[in-house]
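Undergrad: After the structure tokens below, expect a handful of questions from me.
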Amino acid sequence: MTATKQHKKVILVGDGAVGSSYAFALVNQGIAQELGIIEIPQLFNKAVGDAEDLSHALAFTSPKKIYAAKYEDCADADLVVITAGAPQKPGETRLDLVGKNLAINKSIVTEVVKSGFKGIFLVAANPVDVLTYSTWKFSGFPKERVIGSGTSLDSARFRQALAEKLDVDARSVHAYIMGEHGDSEFAVWSHANVAGVNLESYLKDVQNVEEAELVELFEGVRDAAYSIINKKGATFYGIAVALARITKAILNDENAVLPLSVFQEGQYANVTDCYIGQPAIVGAHGIVRPVNIPLNDAEQQKMEASAKELKAIIDEAFSKEEFASACKN
């Protein structure tokens, strides 16, 4: 995709709760000029119905071609977004989904690549860091053109939680969650700030917040998905808008800094050969470069521990015969 191309085409693979919410976000925000929705054959009519339903909103937003797509429609797409996979159930961790979703991911990526697709993959299916890695392996694409949603939603939750605690606009809070999109993620407290003022200094000047309150706040962010899943069965609105934001950055060649699942080549000491959440510059050609925030010793240890856990899952998954050949690529 070139920065000057005017007609932007997105193919969505997976029309479940996350996928359909993402499609709705694209329509609402006027992102892309063409949206194709791919579903498995037995759910093809769901994609047809959603495309028709979404098209009825176009008179209120902006022109867009929306349709139920097939894999051959990926050939000239700028972006393929993968949300398809088994959903996380109450009591399950995201990493519990590996066995179910790796085979699904392989079949999807194989079909997309077979179409002649030359664009960018954006992965949101869980466990997103593992499935972003598998998308890279199965596709043979350059690492810059395979991106995961990573900790984009976690960071948004973190900013919102801090904003509520401090009674300020979340857009004025700048803070990141890094590591796995899951239980081993961590807050980068050392670089959190409000309007450029270091969070620690801001808290001293503005209000007295105990450390225990901040620990509880982070735990609420980390466990937010479990809380929502127990209440309503799934999370989809937040991640849908996060995906729309990433999509906009790619299609508009923004060179925006967003927390994404990014390939690691030693940016953080011993963290290599995996995808994991960190800030990165993203534009029309995918990841321009990672933004390597200097971590303190405690944060560095958490980053390495998170990567170690992901690597163990990846190594175990790709030791199986049906996936082992991808690791030789």
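Using N, Cα and C of the backbone, Cβ positions are placed for all residues, glycine too.
Below are the features I grabbed from Swiss-Prot:
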type: BINDING; residues: Val18, Glu39, Lys46, Tyr71, Gly85, Ala86, Ser107, Ala124, Ala125, Asn126, Ser149; note: NAD(+) binding site
type: BINDING; residues: Gln88, Arg94, Asn126, Pro127, Val128, Asp129, Asp154, Ser155, Ala156, Arg157, Thr235; note: substrate binding site
type: BINDING; residues: Arg159, His174; note: beta-D-fructose 1,6-bisphosphate binding site
type: ACT_SITE; residues: His181; note: active site, proton acceptor
type: MOD_RES; residues: Tyr226; note: phosphotyrosine
Undergrad: Taking only the residues the record lists as binding NAD(+), namely Val18, Glu39, Lys46, Tyr71, Gly85, Ala86, Ser107, Ala124, Ala125, Asn126, Ser149, what is the largest Cα to Cα distance between any two of them, in Å to the nearest whole number?
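TA: Overall maximum Cα spacing for these binding residues reaches 25 Å.
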Undergrad: Using C-alpha positions only, work out which of the binding-site residues Ser107, Ala125, Ser149 is nearest to Gln88 (substrate binding site).
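TA: The smallest Cα gap between Gln88 (substrate binding site) and any of the binding-site residues is with Ala125.
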Undergrad: What same-chain residues, at least 6 away in sequence, bring their CB to under 8 Å of the CB of Tyr226 (phosphotyrosine)?
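TA: Listed in sequence order: Pro90.
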Undergrad: When you put Ser149 (NAD(+) binding site) at the centre and draw a 10 Å sphere around its Cα, which of the recorded positions Val128, Ala156, His174, His181, Thr235 have their Cα inside it?
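TA: Checking Cα-Cα distances against Ser149 (NAD(+) binding site), the recorded positions within 10 Å turn out to be Val128, His181.
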Undergrad: By CA distance, which of the recorded positions (Asn126, Asp154, Arg159, His181, Thr235) lies nearest to Ser107 (NAD(+) binding site)?
TA: Asn126
Undergrad: Within a 10 Å radius around the Cβ, which one of these binding-site residues has the most neighbouring Cβ atoms: Lys46, Arg159, His174?
TA: Arg159
Undergrad: These are the binding-site residues: Gln88, Ser149, Thr235. Which one scores highest on other Cβ atoms within 10 Å?
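TA: Checking each of Gln88, Ser149, Thr235, the winner is Ser149.
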Undergrad: Please identify, among the recorded positions Val18, Lys46, His181, the one with the smallest Cα-Cα distance to Asn126 (substrate binding site).
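TA: Ranked by Cα distance from Asn126 (substrate binding site), first place goes to His181.
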Undergrad: Would you mind reading off the Cα separation of His174 (beta-D-fructose 1,6-bisphosphate binding site) from Ala156 (substrate binding site), to the nearest angstrom?
TA: 9
Undergrad: At the level of the C-alpha atoms, what whole-angstrom distance separates Lys46 (NAD(+) binding site) and Arg159 (beta-D-fructose 1,6-bisphosphate binding site)?
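TA: Counting only the Cα atoms, the answer is 35 Å.
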Undergrad: Give the distance between the Cα atoms of Ala125 (NAD(+) binding site) and Ala156 (substrate binding site), rounded to the nearest whole Å.
TA: 18
